[in-house]
Amino acid sequence: MTDSIDKSGRGVNECKRCGRKQGLVRKYDIYLCRHCFREIAHEMGFEKYS
């Protein structure tokens, strides 16, 4: 087996919008980094209450 690829761990998933691997929001299968999520959360229907 040459060039085996890890399919587990924190670095496997990435942001759908920018490709960043840190600060990923995976809840509800969103898969956006926190920066992209803050930019488009309102368009997705999320509201800020406080």
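From the backbone N, Cα and C atoms, a Cβ is placed for every residue, glycine too.
Noted in Swiss-Prot for the protein shown:
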type	residues	note
BINDING	Cys15, Cys18, Cys33, Cys36	Zn(2+) binding site
- Task: Within 10 Å of the Cβ of Cys33 (Zn(2+) binding site), how many other Cβ atoms can you find? Include all protein chains, please.
- Result: 21
- In the same chain, outside Cys15, Cys18, Cys33, Cys36, whose C-beta lies within 8 angstroms of the Cβ mean position for the Zn(2+) site? Glu14, Lys16, Arg17, Gly19, Arg20, Leu24, Leu32, Arg34, His35, Phe37
- Across all the protein chains here, work out how many other Cβ atoms are within 10 Å of the Cβ of Cys36 (Zn(2+) binding site). 20
